[in-house]
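Peer 1: Attaching a single structure in C-alpha coordinates format; questions to follow.
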Amino acid sequence: MEKGNLEAESNEGKVSQDAPAQESENLNVILRLIINHYRYSTATKGEKQIQREKWLLPRVPFNRWALLPAAVMIQFCVGSLYAWSVFNKPIDMLIYGQNYNMSPIAFYTACGFLGISAAVMGPWLERRGPLLACLVGTGFFCTGHFLTALALYLKQIWLVFLGYGVIGGFGTGLCYISPVSALQKWFPDRRGLASGFAVCGFGAGSIAIAKAQIPLIHTVGLPLTFVVLGGCYLVVMTVSALVLRTPPPDFVVNGMRSDRSLVTEPADTLNSQLSIDDVKGDELKDNKKLTLVESLTSRDFRLIFLLLLANVLFGLCCFSRLSNMVTDIFGRTPEEAATIVSINGGFNLGGRLIFAIISDYLGRKYSYVIMLTTQLIVVACFSTITTAGAYWAFVIAMWILTACYGGGFGTIPAFLTDRFGPQNTGACHGVTLIAWSSAAVGGGLIYTAVFNLILSSGYTAKDPFPYNVNSWWILAVIFTGWICLIFITPTDKDIQFKKRVSSFLKKVVNCSDRKDSYDL
(Lines of atoms letter the chains of each structure in order from A and count residues from 1; the text may use other names and numbers.)
(Lines give C-alpha, C1' and ligand atoms only; values in the text may rest on other atoms or scores of the structure.)
Protein backbone atom coordinates (compact mmCIF):
# COMPACT_ATOMS: atom_id res chain seq x y z
CA MET A 1 0.00 0.00 0.00
CA GLU A 2 2.76 2.38 1.02
CA LYS A 3 4.68 1.42 -2.09
CA GLY A 4 1.69 2.32 -4.26
CA ASN A 5 1.39 5.70 -2.55
CA LEU A 6 5.09 6.37 -3.05
CA GLU A 7 4.82 5.54 -6.76
CA ALA A 8 1.79 7.82 -7.09
CA GLU A 9 3.61 10.68 -5.36
CA SER A 10 6.64 10.06 -7.56
CA ASN A 11 4.52 10.21 -10.71
CA GLU A 12 2.83 13.40 -9.51
CA GLY A 13 6.23 14.96 -8.85
CA LYS A 14 7.44 13.95 -12.30
CA VAL A 15 4.31 15.45 -13.90
CA SER A 16 4.76 18.68 -11.94
CA GLN A 17 8.39 18.85 -13.10
CA ASP A 18 7.49 18.06 -16.70
CA ALA A 19 4.78 20.75 -16.86
CA PRO A 20 7.16 23.75 -16.80
CA ALA A 21 9.45 21.95 -19.22
CA GLN A 22 6.53 21.37 -21.60
CA GLU A 23 5.47 25.02 -21.34
CA SER A 24 9.05 26.12 -21.98
CA GLU A 25 9.25 23.83 -25.01
CA ASN A 26 5.98 25.24 -26.39
CA LEU A 27 7.30 28.75 -25.84
CA ASN A 28 10.52 27.87 -27.63
CA VAL A 29 8.54 26.54 -30.60
CA ILE A 30 6.60 29.81 -30.85
CA LEU A 31 9.81 31.81 -30.50
CA ARG A 32 11.49 29.74 -33.22
CA LEU A 33 8.52 30.31 -35.53
CA ILE A 34 8.73 34.07 -34.97
CA ILE A 35 12.49 34.13 -35.54
CA ASN A 36 12.10 31.95 -38.63
CA HIS A 37 9.48 34.36 -39.98
CA TYR A 38 11.76 37.35 -39.48
CA ARG A 39 14.86 35.65 -40.83
CA TYR A 40 17.01 37.19 -43.55
CA SER A 41 15.38 36.25 -46.83
CA THR A 42 14.98 37.68 -50.30
CA ALA A 43 12.79 36.67 -53.19
CA THR A 44 14.38 34.15 -55.54
CA LYS A 45 13.56 34.29 -59.24
CA GLY A 46 13.67 31.69 -61.94
CA GLU A 47 15.04 32.44 -65.38
CA LYS A 48 11.53 32.50 -66.91
CA GLN A 49 10.35 35.09 -64.39
CA ILE A 50 13.43 37.24 -65.01
CA GLN A 51 12.82 37.19 -68.76
CA ARG A 52 9.10 37.86 -68.31
CA GLU A 53 9.69 40.86 -66.04
CA LYS A 54 11.87 42.51 -68.67
CA TRP A 55 8.64 43.48 -70.45
CA LEU A 56 5.94 45.80 -69.15
CA LEU A 57 3.58 44.87 -72.00
CA PRO A 58 4.12 42.79 -75.14
CA ARG A 59 6.82 44.61 -77.15
CA VAL A 60 7.01 47.33 -74.46
CA PRO A 61 10.19 46.94 -72.38
CA PHE A 62 10.02 47.61 -68.66
CA ASN A 63 11.60 50.80 -67.34
CA ARG A 64 12.09 51.50 -63.65
CA TRP A 65 10.45 54.94 -64.00
CA ALA A 66 7.13 53.20 -64.71
CA LEU A 67 7.11 52.22 -61.04
CA LEU A 68 6.64 55.83 -59.90
CA PRO A 69 3.11 56.43 -61.31
CA ALA A 70 2.08 52.90 -60.32
CA ALA A 71 3.22 53.50 -56.73
CA VAL A 72 1.45 56.87 -56.61
CA MET A 73 -1.84 55.33 -57.78
CA ILE A 74 -1.70 52.51 -55.22
CA GLN A 75 -0.94 54.97 -52.43
CA PHE A 76 -3.62 57.32 -53.78
CA CYS A 77 -6.27 54.65 -53.26
CA VAL A 78 -5.23 53.51 -49.79
CA GLY A 79 -4.78 57.19 -48.83
CA SER A 80 -8.58 57.38 -48.70
CA LEU A 81 -8.12 56.21 -45.10
CA TYR A 82 -7.34 59.84 -44.17
CA ALA A 83 -10.69 60.91 -45.65
CA TRP A 84 -12.71 58.65 -43.32
CA SER A 85 -13.87 61.60 -41.18
CA VAL A 86 -16.30 62.53 -43.98
CA PHE A 87 -18.21 59.30 -43.25
CA ASN A 88 -18.41 59.72 -39.46
CA LYS A 89 -21.66 61.63 -39.19
CA PRO A 90 -23.50 59.97 -42.14
CA ILE A 91 -22.75 56.47 -40.79
CA ASP A 92 -23.90 57.33 -37.26
CA MET A 93 -27.06 58.94 -38.59
CA LEU A 94 -27.84 55.93 -40.79
CA ILE A 95 -27.32 53.33 -38.04
CA TYR A 96 -28.43 55.18 -34.89
CA GLY A 97 -30.47 58.12 -36.15
CA GLN A 98 -28.19 60.55 -34.32
CA ASN A 99 -24.49 61.28 -33.93
CA TYR A 100 -23.17 58.74 -31.37
CA ASN A 101 -19.50 59.25 -32.37
CA MET A 102 -19.11 55.50 -32.92
CA SER A 103 -17.83 55.69 -36.51
CA PRO A 104 -14.37 57.08 -35.62
CA ILE A 105 -13.65 53.73 -33.93
CA ALA A 106 -13.46 52.19 -37.42
CA PHE A 107 -10.72 54.69 -38.33
CA TYR A 108 -8.69 53.97 -35.18
CA THR A 109 -9.11 50.22 -35.77
CA ALA A 110 -7.89 50.59 -39.36
CA CYS A 111 -4.87 52.58 -38.16
CA GLY A 112 -4.04 49.85 -35.65
CA PHE A 113 -4.32 47.02 -38.16
CA LEU A 114 -2.36 49.00 -40.75
CA GLY A 115 0.64 48.88 -38.43
CA ILE A 116 0.06 45.25 -37.46
CA SER A 117 -0.28 44.16 -41.08
CA ALA A 118 2.83 46.01 -42.21
CA ALA A 119 4.89 44.65 -39.31
CA VAL A 120 3.72 41.03 -39.64
CA MET A 121 3.64 40.79 -43.44
CA GLY A 122 6.85 42.72 -44.16
CA PRO A 123 9.14 39.64 -44.16
CA TRP A 124 6.63 37.71 -46.28
CA LEU A 125 6.61 40.61 -48.75
CA GLU A 126 10.39 40.43 -49.10
CA ARG A 127 10.24 36.68 -49.76
CA ARG A 128 7.32 36.64 -52.20
CA GLY A 129 7.82 39.99 -53.94
CA PRO A 130 5.75 43.20 -54.14
CA LEU A 131 3.40 42.03 -56.90
CA LEU A 132 1.79 39.19 -54.93
CA ALA A 133 1.85 41.22 -51.71
CA CYS A 134 0.07 44.16 -53.31
CA LEU A 135 -2.54 41.92 -54.97
CA VAL A 136 -3.29 40.23 -51.64
CA GLY A 137 -3.46 43.62 -49.93
CA THR A 138 -5.79 44.92 -52.64
CA GLY A 139 -8.09 41.95 -52.05
CA PHE A 140 -8.28 42.68 -48.33
CA PHE A 141 -8.68 46.43 -48.85
CA CYS A 142 -11.54 46.15 -51.34
CA THR A 143 -13.24 43.32 -49.42
CA GLY A 144 -13.25 45.67 -46.43
CA HIS A 145 -15.17 48.24 -48.47
CA PHE A 146 -17.71 45.68 -49.68
CA LEU A 147 -18.25 44.39 -46.13
CA THR A 148 -18.74 47.97 -44.95
CA ALA A 149 -21.45 48.43 -47.58
CA LEU A 150 -23.16 45.27 -46.31
CA ALA A 151 -22.82 46.49 -42.73
CA LEU A 152 -24.52 49.78 -43.58
CA TYR A 153 -27.30 47.96 -45.42
CA LEU A 154 -27.85 45.77 -42.33
CA LYS A 155 -27.18 48.73 -39.98
CA GLN A 156 -24.60 46.77 -37.95
CA ILE A 157 -21.78 48.95 -36.62
CA TRP A 158 -19.72 45.93 -35.50
CA LEU A 159 -19.53 44.79 -39.12
CA VAL A 160 -18.24 48.25 -40.08
CA PHE A 161 -15.46 47.81 -37.52
CA LEU A 162 -14.67 44.34 -38.87
CA GLY A 163 -14.92 45.25 -42.55
CA TYR A 164 -13.25 48.64 -42.78
CA GLY A 165 -11.24 48.54 -39.55
CA VAL A 166 -9.83 45.02 -39.40
CA ILE A 167 -9.92 43.66 -42.97
CA GLY A 168 -9.57 46.99 -44.78
CA GLY A 169 -6.85 48.17 -42.39
CA PHE A 170 -4.92 44.93 -42.90
CA GLY A 171 -5.00 45.42 -46.67
CA THR A 172 -4.01 49.08 -46.33
CA GLY A 173 -0.83 48.19 -44.47
CA LEU A 174 0.24 45.58 -47.01
CA CYS A 175 -0.46 47.86 -49.98
CA TYR A 176 1.35 50.75 -48.28
CA ILE A 177 4.70 48.98 -47.93
CA SER A 178 4.67 47.01 -51.22
CA PRO A 179 5.50 49.85 -53.67
CA VAL A 180 7.92 51.39 -51.16
CA SER A 181 9.92 48.16 -50.99
CA ALA A 182 10.08 47.85 -54.79
CA LEU A 183 11.14 51.45 -55.40
CA GLN A 184 13.95 51.35 -52.84
CA LYS A 185 15.50 48.42 -54.73
CA TRP A 186 15.15 49.98 -58.18
CA PHE A 187 16.48 53.44 -57.21
CA PRO A 188 19.69 52.98 -55.19
CA ASP A 189 20.96 56.24 -56.70
CA ARG A 190 17.82 58.24 -55.83
CA ARG A 191 16.38 56.65 -52.72
CA GLY A 192 14.99 59.90 -51.36
CA LEU A 193 13.16 60.67 -54.61
CA ALA A 194 11.79 57.12 -54.77
CA SER A 195 10.76 57.24 -51.13
CA GLY A 196 8.93 60.55 -51.57
CA PHE A 197 7.04 59.43 -54.66
CA ALA A 198 6.18 56.13 -53.04
CA VAL A 199 4.23 57.76 -50.20
CA CYS A 200 3.15 61.14 -51.61
CA GLY A 201 0.15 59.50 -53.24
CA PHE A 202 -1.14 58.68 -49.76
CA GLY A 203 -1.50 62.40 -49.04
CA ALA A 204 -2.97 63.15 -52.46
CA GLY A 205 -5.64 60.49 -52.05
CA SER A 206 -6.90 62.03 -48.83
CA ILE A 207 -7.44 65.37 -50.60
CA ALA A 208 -9.11 64.19 -53.80
CA ILE A 209 -11.22 61.34 -52.44
CA ALA A 210 -12.57 63.47 -49.58
CA LYS A 211 -14.03 65.81 -52.20
CA ALA A 212 -15.70 62.95 -54.10
CA GLN A 213 -17.35 61.17 -51.18
CA ILE A 214 -20.15 63.63 -50.33
CA PRO A 215 -21.41 63.99 -53.95
CA LEU A 216 -21.27 60.20 -54.28
CA ILE A 217 -23.35 59.74 -51.10
CA HIS A 218 -25.99 62.16 -52.44
CA THR A 219 -26.06 60.34 -55.79
CA VAL A 220 -26.13 56.62 -54.91
CA GLY A 221 -26.59 56.54 -51.13
CA LEU A 222 -24.16 55.67 -48.35
CA PRO A 223 -23.99 51.84 -48.69
CA LEU A 224 -23.50 51.91 -52.47
CA THR A 225 -20.82 54.57 -52.07
CA PHE A 226 -18.55 51.93 -50.56
CA VAL A 227 -19.41 49.51 -53.38
CA VAL A 228 -18.52 52.09 -56.04
CA LEU A 229 -15.32 53.15 -54.28
CA GLY A 230 -14.30 49.54 -53.62
CA GLY A 231 -14.85 48.62 -57.27
CA CYS A 232 -12.82 51.58 -58.53
CA TYR A 233 -10.01 50.81 -56.09
CA LEU A 234 -9.99 47.16 -57.19
CA VAL A 235 -9.43 48.06 -60.85
CA VAL A 236 -6.86 50.83 -60.30
CA MET A 237 -4.83 48.98 -57.68
CA THR A 238 -4.80 45.67 -59.58
CA VAL A 239 -3.55 47.31 -62.78
CA SER A 240 -0.93 49.30 -60.85
CA ALA A 241 0.21 46.23 -58.91
CA LEU A 242 1.05 44.43 -62.16
CA VAL A 243 3.84 46.97 -62.72
CA LEU A 244 5.54 46.15 -59.40
CA ARG A 245 8.57 43.84 -59.47
CA THR A 246 12.04 43.54 -57.98
CA PRO A 247 15.27 44.06 -59.97
CA PRO A 248 17.04 41.09 -61.57
CA PRO A 249 20.16 39.75 -59.81
CA ASP A 250 22.49 41.51 -62.28
CA PHE A 251 20.76 44.91 -61.98
CA VAL A 252 23.16 47.86 -62.00
CA VAL A 253 22.30 51.53 -62.45
CA ASN A 254 24.69 54.47 -62.37
CA GLY A 255 27.44 52.04 -61.48
CA MET A 256 25.81 50.60 -58.37
CA ARG A 257 23.68 47.63 -57.42
CA SER A 258 20.44 47.70 -55.42
CA ASP A 259 22.35 47.73 -52.13
CA ARG A 260 24.44 50.71 -53.38
CA SER A 261 27.59 48.61 -53.57
CA LEU A 262 29.75 49.83 -56.43
CA VAL A 263 30.40 47.72 -59.51
CA THR A 264 33.96 46.45 -59.65
CA GLU A 265 33.77 43.61 -62.17
CA PRO A 266 33.84 44.53 -65.85
CA ALA A 267 31.20 41.89 -66.57
CA ASP A 268 28.76 43.62 -64.28
CA THR A 269 29.35 46.94 -65.93
CA LEU A 270 28.02 45.60 -69.23
CA ASN A 271 24.61 45.16 -67.64
CA SER A 272 24.45 48.66 -66.19
CA GLN A 273 22.39 51.45 -67.70
CA LEU A 274 25.39 53.78 -67.37
CA SER A 275 29.09 53.03 -67.28
CA ILE A 276 31.14 52.82 -64.13
CA ASP A 277 32.66 56.20 -65.02
CA ASP A 278 29.27 57.80 -64.33
CA VAL A 279 29.26 56.81 -60.66
CA LYS A 280 28.70 59.80 -58.43
CA GLY A 281 31.58 60.62 -56.15
CA ASP A 282 29.46 60.79 -53.01
CA GLU A 283 28.24 57.20 -53.21
CA LEU A 284 30.03 54.84 -50.87
CA LYS A 285 30.07 51.09 -50.69
CA ASP A 286 28.19 49.82 -47.67
CA ASN A 287 29.90 46.69 -46.40
CA LYS A 288 27.40 46.03 -43.62
CA LYS A 289 25.12 43.12 -44.48
CA LEU A 290 22.69 42.92 -41.59
CA THR A 291 20.13 40.16 -41.27
CA LEU A 292 16.54 41.13 -40.62
CA VAL A 293 16.68 39.98 -36.99
CA GLU A 294 19.89 41.96 -36.45
CA SER A 295 18.25 45.02 -37.98
CA LEU A 296 15.05 44.82 -35.93
CA THR A 297 16.92 44.24 -32.66
CA SER A 298 19.56 46.93 -33.22
CA ARG A 299 19.82 50.11 -31.17
CA ASP A 300 19.51 52.26 -34.29
CA PHE A 301 16.19 50.66 -35.22
CA ARG A 302 14.72 51.32 -31.78
CA LEU A 303 15.86 54.94 -31.96
CA ILE A 304 14.42 55.37 -35.47
CA PHE A 305 11.13 53.89 -34.23
CA LEU A 306 10.93 56.50 -31.45
CA LEU A 307 12.06 59.20 -33.87
CA LEU A 308 9.18 58.50 -36.26
CA LEU A 309 6.66 58.37 -33.41
CA ALA A 310 7.81 61.78 -32.17
CA ASN A 311 7.77 63.26 -35.68
CA VAL A 312 4.18 62.27 -36.50
CA LEU A 313 2.52 62.63 -33.07
CA PHE A 314 1.42 66.26 -33.34
CA GLY A 315 -0.02 65.73 -36.80
CA LEU A 316 -2.01 62.64 -35.90
CA CYS A 317 -3.43 64.27 -32.76
CA CYS A 318 -4.18 67.74 -34.09
CA PHE A 319 -4.84 67.68 -37.83
CA SER A 320 -8.17 65.88 -37.40
CA ARG A 321 -9.20 68.82 -35.18
CA LEU A 322 -7.88 71.56 -37.45
CA SER A 323 -11.33 72.44 -38.76
CA ASN A 324 -12.68 72.67 -35.21
CA MET A 325 -9.82 74.96 -34.15
CA VAL A 326 -10.44 77.31 -37.07
CA THR A 327 -14.16 77.60 -36.37
CA ASP A 328 -14.17 77.41 -32.55
CA ILE A 329 -11.04 79.30 -31.46
CA PHE A 330 -10.90 81.88 -34.26
CA GLY A 331 -14.61 82.09 -35.16
CA ARG A 332 -14.18 81.47 -38.89
CA THR A 333 -16.83 79.95 -41.16
CA PRO A 334 -17.01 76.19 -41.89
CA GLU A 335 -16.34 76.94 -45.56
CA GLU A 336 -13.11 78.75 -44.73
CA ALA A 337 -12.15 75.92 -42.38
CA ALA A 338 -12.69 73.40 -45.18
CA THR A 339 -10.42 75.44 -47.45
CA ILE A 340 -7.70 75.58 -44.79
CA VAL A 341 -7.94 71.80 -44.33
CA SER A 342 -7.65 71.20 -48.09
CA ILE A 343 -4.57 73.41 -48.36
CA ASN A 344 -3.19 71.62 -45.30
CA GLY A 345 -3.45 68.36 -47.22
CA GLY A 346 -1.37 69.93 -49.97
CA PHE A 347 1.40 70.72 -47.48
CA ASN A 348 1.25 67.10 -46.31
CA LEU A 349 1.73 65.97 -49.89
CA GLY A 350 4.48 68.51 -50.59
CA GLY A 351 6.35 67.70 -47.40
CA ARG A 352 6.46 64.00 -48.27
CA LEU A 353 8.06 64.73 -51.63
CA ILE A 354 10.26 67.76 -50.88
CA PHE A 355 11.92 66.53 -47.69
CA ALA A 356 12.53 63.12 -49.28
CA ILE A 357 14.26 64.71 -52.27
CA ILE A 358 16.25 67.06 -50.02
CA SER A 359 17.46 64.06 -48.03
CA ASP A 360 19.30 62.81 -51.13
CA TYR A 361 21.56 65.85 -50.75
CA LEU A 362 21.56 66.67 -47.03
CA GLY A 363 21.38 63.10 -45.76
CA ARG A 364 18.50 61.41 -43.92
CA LYS A 365 19.63 62.34 -40.42
CA TYR A 366 20.11 66.03 -41.17
CA SER A 367 16.71 66.15 -42.86
CA TYR A 368 15.12 64.89 -39.64
CA VAL A 369 17.17 67.44 -37.68
CA ILE A 370 15.47 70.16 -39.73
CA MET A 371 12.00 68.63 -39.32
CA LEU A 372 12.19 67.99 -35.57
CA THR A 373 13.90 71.30 -34.76
CA THR A 374 11.22 73.13 -36.73
CA GLN A 375 8.50 71.24 -34.86
CA LEU A 376 10.12 72.03 -31.50
CA ILE A 377 10.14 75.76 -32.25
CA VAL A 378 6.62 75.93 -33.71
CA VAL A 379 4.94 73.72 -31.09
CA ALA A 380 6.69 75.70 -28.33
CA CYS A 381 5.06 78.85 -29.76
CA PHE A 382 1.68 77.17 -30.32
CA SER A 383 0.03 78.22 -27.03
CA THR A 384 1.25 81.82 -27.44
CA ILE A 385 -0.22 82.01 -30.95
CA THR A 386 -3.63 80.58 -30.01
CA THR A 387 -3.94 82.63 -26.81
CA ALA A 388 -3.14 85.83 -28.72
CA GLY A 389 -5.74 84.93 -31.37
CA ALA A 390 -3.21 85.38 -34.20
CA TYR A 391 -5.17 83.57 -36.91
CA TRP A 392 -2.75 83.70 -39.82
CA ALA A 393 0.21 82.90 -37.61
CA PHE A 394 -1.75 79.84 -36.46
CA VAL A 395 -2.55 78.77 -40.02
CA ILE A 396 1.05 79.17 -41.20
CA ALA A 397 2.30 77.28 -38.13
CA MET A 398 -0.07 74.38 -38.85
CA TRP A 399 0.99 74.24 -42.50
CA ILE A 400 4.67 74.16 -41.50
CA LEU A 401 4.01 71.38 -38.99
CA THR A 402 2.07 69.45 -41.63
CA ALA A 403 4.98 69.67 -44.09
CA CYS A 404 7.31 68.27 -41.39
CA TYR A 405 4.76 65.55 -40.62
CA GLY A 406 4.62 64.49 -44.27
CA GLY A 407 8.39 64.77 -44.60
CA GLY A 408 8.83 62.20 -41.84
CA PHE A 409 6.83 59.65 -43.81
CA GLY A 410 8.54 60.53 -47.08
CA THR A 411 12.08 60.16 -45.72
CA ILE A 412 11.76 57.12 -43.44
CA PRO A 413 11.91 54.41 -46.18
CA ALA A 414 15.17 55.81 -47.57
CA PHE A 415 16.56 56.18 -44.03
CA LEU A 416 15.79 52.52 -43.26
CA THR A 417 17.19 51.31 -46.58
CA ASP A 418 20.44 53.23 -46.11
CA ARG A 419 20.83 51.94 -42.58
CA PHE A 420 19.71 48.30 -42.91
CA GLY A 421 19.88 47.47 -46.63
CA PRO A 422 17.23 47.08 -49.36
CA GLN A 423 16.67 43.41 -48.48
CA ASN A 424 15.23 44.52 -45.11
CA THR A 425 13.26 47.58 -46.25
CA GLY A 426 9.80 46.01 -46.39
CA ALA A 427 9.97 44.37 -42.97
CA CYS A 428 11.68 47.28 -41.20
CA HIS A 429 9.32 49.81 -42.75
CA GLY A 430 6.39 47.65 -41.72
CA VAL A 431 7.49 47.49 -38.09
CA THR A 432 8.12 51.24 -37.94
CA LEU A 433 4.52 51.82 -39.00
CA ILE A 434 3.56 50.47 -35.58
CA ALA A 435 4.94 53.82 -34.36
CA TRP A 436 2.39 55.52 -36.61
CA SER A 437 -0.39 53.28 -35.28
CA SER A 438 0.70 53.87 -31.69
CA ALA A 439 0.74 57.62 -32.19
CA ALA A 440 -2.65 57.52 -33.92
CA VAL A 441 -4.42 55.31 -31.39
CA GLY A 442 -2.52 55.96 -28.16
CA GLY A 443 -1.83 59.62 -28.85
CA GLY A 444 -5.40 60.19 -29.99
CA LEU A 445 -6.85 58.61 -26.85
CA ILE A 446 -4.54 60.61 -24.55
CA TYR A 447 -5.29 63.83 -26.42
CA THR A 448 -9.05 63.24 -26.17
CA ALA A 449 -8.86 62.30 -22.48
CA VAL A 450 -6.89 65.46 -21.61
CA PHE A 451 -9.19 67.58 -23.77
CA ASN A 452 -12.36 66.23 -22.14
CA LEU A 453 -10.85 66.52 -18.65
CA ILE A 454 -10.18 70.23 -19.17
CA LEU A 455 -13.65 70.77 -20.62
CA SER A 456 -15.16 69.17 -17.51
CA SER A 457 -13.36 71.74 -15.34
CA GLY A 458 -15.31 74.64 -16.83
CA TYR A 459 -13.60 75.46 -20.14
CA THR A 460 -15.39 75.27 -23.49
CA ALA A 461 -14.31 74.07 -26.93
CA LYS A 462 -13.93 77.73 -27.96
CA ASP A 463 -11.16 78.25 -25.41
CA PRO A 464 -7.60 77.63 -26.66
CA PHE A 465 -6.50 76.29 -23.27
CA PRO A 466 -7.53 72.62 -23.86
CA TYR A 467 -5.49 72.60 -27.08
CA ASN A 468 -2.56 74.39 -25.42
CA VAL A 469 -2.28 71.86 -22.59
CA ASN A 470 -2.12 69.02 -25.10
CA SER A 471 0.62 70.82 -27.04
CA TRP A 472 2.80 70.80 -23.91
CA TRP A 473 2.99 67.01 -23.49
CA ILE A 474 3.38 66.58 -27.25
CA LEU A 475 6.31 69.03 -27.11
CA ALA A 476 8.01 66.79 -24.53
CA VAL A 477 7.63 63.76 -26.84
CA ILE A 478 9.06 65.71 -29.81
CA PHE A 479 12.05 66.73 -27.69
CA THR A 480 12.58 63.07 -26.75
CA GLY A 481 12.61 62.17 -30.46
CA TRP A 482 15.15 64.93 -31.10
CA ILE A 483 17.43 63.44 -28.42
CA CYS A 484 17.04 59.97 -29.98
CA LEU A 485 18.09 61.40 -33.34
CA ILE A 486 21.45 62.49 -31.92
CA PHE A 487 22.41 58.90 -31.08
CA ILE A 488 21.43 57.33 -34.43
CA THR A 489 24.43 56.21 -36.48
CA PRO A 490 24.89 58.53 -39.49
CA THR A 491 24.38 57.04 -42.94
CA ASP A 492 26.82 57.49 -45.81
CA LYS A 493 24.75 60.43 -47.07
CA ASP A 494 25.03 62.15 -43.69
CA ILE A 495 28.80 61.63 -43.55
CA GLN A 496 29.30 62.95 -47.08
CA PHE A 497 27.19 66.05 -46.39
CA LYS A 498 29.19 66.77 -43.24
CA LYS A 499 32.43 66.45 -45.22
CA ARG A 500 31.14 68.83 -47.90
CA VAL A 501 30.16 71.41 -45.27
CA SER A 502 33.54 71.09 -43.55
CA SER A 503 35.33 71.45 -46.87
CA PHE A 504 33.29 74.54 -47.73
CA LEU A 505 33.98 76.17 -44.35
CA LYS A 506 37.70 75.48 -44.71
CA LYS A 507 37.69 77.20 -48.10
CA VAL A 508 35.88 80.20 -46.62
CA VAL A 509 38.40 80.41 -43.76
CA ASN A 510 41.34 80.07 -46.15
CA CYS A 511 39.95 82.82 -48.37
CA SER A 512 39.51 85.05 -45.33
CA ASP A 513 43.09 84.38 -44.19
CA ARG A 514 44.46 85.22 -47.62
CA LYS A 515 42.48 88.48 -47.67
CA ASP A 516 43.87 89.47 -44.25
CA SER A 517 47.42 88.77 -45.46
CA TYR A 518 46.86 91.01 -48.48
CA ASP A 519 45.65 93.82 -46.20
CA LEU A 520 48.83 93.54 -44.15
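Start at 1 and count along the chain as shown; that gives each residue its number.
For all residues, glycine too, the Cβ spot is worked out from N, Cα and C.
Features from TrEMBL:
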- 1-21: region 'Disordered' (REGION)
- 65-85: transmembrane segment (TRANSMEM)
- 105-125: transmembrane segment (TRANSMEM)
- 132-152: transmembrane segment (TRANSMEM)
- 158-180: transmembrane segment (TRANSMEM)
- 192-214: transmembrane segment (TRANSMEM)
- 220-244: transmembrane segment (TRANSMEM)
- 303-322: transmembrane segment (TRANSMEM)
- 337-359: transmembrane segment (TRANSMEM)
- 366-385: transmembrane segment (TRANSMEM)
- 391-416: transmembrane segment (TRANSMEM)
- 428-451: transmembrane segment (TRANSMEM)
- 471-490: transmembrane segment (TRANSMEM)
Peer 1: Please give the sequence-distant neighbours of the transmembrane segment (471-490): residues at least 6 beyond its ends with Cβ less than 8 Å from one of its Cβ atoms.
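Peer 2: Same-chain residues near the transmembrane segment (471-490) but 6 or more away: 299-300, 303-304, 306-307, 309-311, 313-314, 317-318, 363, 365, 368-369, 372-373, 375-376, 379-380, 382-383, 419, 443, 446, 450, 498.
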Peer 1: Give the nonlocal contacts of the transmembrane segment (132-152) in its own chain as ranges (CB under 8 Å, at least six residues past its ends).
Peer 2: 74, 77-78, 91, 94-95, 106, 117, 121, 124-125, 158-160, 162-175, 177-179, 222-227, 229-231, 233-234, 237-238, 240-241, 244, 426
Peer 1: What residues elsewhere in the chain lie close to the transmembrane segment (158-180), defined as a C-beta under 8 angstroms and at least 6 residues from its ends?
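Peer 2: Long-range Cβ neighbours of the transmembrane segment (158-180): 67, 70-71, 74-75, 77-78, 81, 84, 91, 103, 105-119, 121-122, 125, 130, 133-134, 136-148, 150-152, 195, 198-199, 202, 237, 241, 244, 413, 425-426, 429-430, 433.
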Peer 1: Given pairs 6 or more apart, does the transmembrane segment (366-385) have at least three Cβ pairs under 8 Å with the transmembrane segment (303-322)?
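Peer 2: In this chain the transmembrane segment (366-385) contacts the transmembrane segment (303-322) - 3 or more Cβ pairs sit under 8 Å.
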Peer 1: So, does the transmembrane segment (428-451) come close enough to the transmembrane segment (65-85) to give 3+ Cβ pairs below 8 Å, pairs being at least 6 apart in sequence?
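Peer 2: Per Cβ check, the transmembrane segment (65-85) does not touch the transmembrane segment (428-451).
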Peer 1: Using Cβ atoms only, state whether the transmembrane segment (337-359) and the transmembrane segment (192-214) have three or more pairs under 8 Å that are 6 or more apart in sequence.
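Peer 2: In contact, yes.
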Peer 1: Looking only at residues six or more beyond either end of the transmembrane segment (192-214), which have a C-beta under 8 A from one in the stretch?
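Peer 2: The answer is 68, 71-83, 86-87, 176, 179-180, 183-184, 186, 225, 229, 342, 345-346, 348-349, 352-360, 364, 406, 409-414, 417.
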